[in-house]
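Here's the structure we're looking at; comments come further down.
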Amino acid sequence: SCTTCVCTCSCCTT
């Protein structure tokens, strides 16, 4: 669930 991430969900690994 990467809604706050501007890039792809793959970028949201943090």
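A Cβ is built for glycine as well, from the same backbone N, Cα and C atoms used for every other residue.
Per Swiss-Prot, the feature (Z)-2,3-didehydrobutyrine maps to Thr4 (among others); the stated evidence is experimental evidence. Over all protein chains present, the Cβ of Thr4 ((Z)-2,3-didehydrobutyrine) has 6 other Cβ atoms lying within 10 Å.
Taken from Swiss-Prot, the feature 3-hydroxyvaline (Val) covers Val6. Long-range C-beta contacts of Val6 (3-hydroxyvaline (Val)), restricted to its own chain and to partners at least six residues apart, with a cutoff below 8 Å, are absent.
Annotation comment: Swiss-Prot describes Thr8 as O-methylthreonine.
Residues or ranges marked as (Z)-2,3-didehydrobutyrine by Swiss-Prot on the basis of experimental evidence: Thr13 (among others).
If you look up Swiss-Prot, you'll see Thr14 marked as decarboxylated threonine, on the strength of similarity to another entry.
The feature site 'Not methylated' is assigned by Swiss-Prot to Thr8.
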